[in-house]
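J.: Residues annotated as compositional bias 'Pro residues' in TrEMBL: 723-733. Per TrEMBL, the feature domain 'SWIM-type' maps to 644-676. Positions annotated as region 'Disordered' by TrEMBL: 723-744.
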Amino acid sequence: MAGKKAIAICQLGGVFKTLDDGSLSYEGGDAHAIDIDENSKYSDFEMEVAEMFNCSPNFMSIKYFLPGNRKTLITISNDKDLQRMMKFHGDSSSIDVYVMMEEVVPDVSNMPASRSSRTTLSEAGLLTDPTPCVLDDDMDEISPRVLLDSTFDIPNDLANLNDEIPIIPPSPSPSLPLTISLPPTPKHTKAAQQWQNNITGVGQRFNTVTDFRDALRKYSIAHQFAYKYKKNDSHRVTVRCKSDGCPWRIHASRLSTTQLICIKKMNPTHTCEGSIVKTGHQATRSWVAGVIKEKLKVSPNYKPKDIVTDIKEQYGVQLNYFQAWRGKEIAKEQLQGSYKEAYGQLPYFCDQIMETNPGSRVTFNTKDDSSFHRLFLSFHASLYGFQHCRPLIFLGSVPLKSKYQGTLLAATAPDGNDEVFPVAFAVVDAVSDDNWRWFLEQIKAALTTCHGITFVADRETGIKEAVCGVFREENVHHAYCLRSLSDQLIRDLTGKFSHEVKRLIVDDFYAAAYAMKPDDFQKCIESIKSISVEAYNWVIESEPVHWANAFFLGARYNHMTSNFGEIFYNWASDANELPITQMVDTIRSKIMELIYNRRAGSNHWLTRLTPVSSERLEKESIKVCALQVFNSGEQFEVRGDSIEIVDINNYDCSCKGWQITGLPCCHAIAVIGCLGRDPYDYCARYFTVESYRLTYSESVNPIPREEKVMAEGFSRAIVTVTPPPTRRPPGRPPSKKVGMHETNKRQLQCSRCKGTGHNKSTCKEFMLT
């Protein structure tokens, strides 16, 4: 480092913008170069920067980025910091340095003042800018507007503020009094100070009327007053202070032969106390959206109540909850795109999916009034991969929280390692029997074959009838979700049962479902009968042929519940507040990432079976040492805790474990070992690493999302799609369904008589004694 020199590129006046990856980009401003070396002193460097930009070093903050890290700015405040910056940049010949101006807010809250004195600011010899200020009546603080012709005592400390208050020539209008803008008190925060000079006076020009209105709004917030329009159209704006009798006025109109808006008249004098702190009239929804947009990008869960607090602290503006909520909605739309326009872009978006992912199935329907009805999507990678998964599909639904509500229907399958594999999904306007039937029709049309598929879903009438109707000619089965059945069983019980008793009923119900043989099933439901005849009758009438292993005719591979696709539902929940095209694209990117990661992960596997399958087979192999095998000809008899018959040629064991799971049970492994064969040869192909890799061999491709391209596609769209008529109701959604939880409440139990429905204080038996 001896003798190292560099050029510091000092920049001032620009703005930092946050990029998609979280890094910062600096745009605009002026730049000057300064030579520095390892022996440079910070004080000399600071003074040279201040002289170069003609500013006070007291208000400067000098910062830089570490090489390769443009997310965090490092501050230079002494010689060691300057030397570290030189070391960090190694052999770099130039270093980007950013100069930021900070405003010092003097503590004037305890300044004495008296309206009885006749000493004026002009007598104190202080020149001012045209913005008037007024002392508050309670004399405890100085508001941002002090009228020059009002009189008060000038404290001795004010004479020391000459270096901190910028000296600005008075207004050119001879009729205006000489005024001064004092620095805001701590009550009026720094965030609004940057807008104090948004309006400078007569002759100031703006590109559009919108720009002028925006500058005026920020100016009023910075100076804490409210205003109202007298004239407001596309070429002229006239505004006066909202307080009666206050002379503040401003008029701007279009310059002839141009589109520029110029301030033609302005009276900057205020005699009012302002009202914006209490009312926040000038804080429009669009203004709130602009203020919170950057933070909302980083924190999507930014709550309206936090917005109210932050804007009060940063800008001195008091919002109500609904102003903050509406501002957040506008900011979300600005960041994410319009919900309404997203529906209009849907036809073009679907074409883009088909173009980038050939072989996929994408279709949507509209109603007679062109409003959105439903959208189905299954990528080619999912359709191809499902051919190498077990013929088992889990159906589920997720309510969406977007502006126009709706529901996401999902179809998932287990891969060879018992992980979730997404097959298809749909967005529908509501959960209905018709939409479920349509969803299954699209799945049937997308798959090459549906023979032998088992659908695991709730025992809803719509799903049950849809499965039977759509797949009437195929050998398809419908397995009821065990969890939803047990919940329904508890809700339907009318007897008074304690929480513990209900838990025992559910445990016996699950044991009956997992039982392999009818005799074992019967033992479990007899146990339920000993607790409650009502529960026993409910189980018998619940069609065990659709949920009990002992009677189910299809193959569900011991998957008893339909909540297998939780990860898929979490994706949908994370994206369901986005416009429909962005929500679908977010789910697409999640599927794309999942397929790539699992494909890459499986490249390191060295076994014939997937890790989960290998572990299960090993657990069954451990049990073999306690078994005895007897050859009876074509079949084998295996003795252990029970006597089972194994048919190797038909992949069958009387315990039914082999048929249900697809992996050899301990009895089959014992016979296979006696024959000198490999148990891996008798495992279903779905559990092999080869099938797993084929499941994830195809890729989901990205979809171009340029806004210009989408807009052009929207304009060329032949089919018009408008949002569905259903919209999210106002107010906070209910946190729970009362009817669902009331039946699960724990029953009161008396500690004296052990009865239910009352406690010891209301026990009638105790009162009688």
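The backbone N, Cα and C atoms fix where each Cβ goes, and this holds for glycine too.
Heads up, TrEMBL stuff is auto-annotated, nobody curated it.
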J.: By DSSP assignment, list the helix, strand and coil residue numbers for the domain 'SWIM-type' (644-676), in that order.
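T.: So the counts come to 14 helix, 6 strand, 13 coil.
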J.: May I ask for the residues of the chain that lie six or more residues beyond the domain 'SWIM-type' (644-676) and have a Cβ under 8 Å from a Cβ within it?
T.: 390, 516-517, 549, 555-558, 613, 616-617, 620-621, 623-624, 627, 629, 631, 634-638, 682-684, 686-687
J.: Per-residue pLDDT averaged over the domain 'SWIM-type' (644-676) comes to what?
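T.: Over the domain 'SWIM-type' (644-676), the predicted model scores a mean pLDDT of 92.
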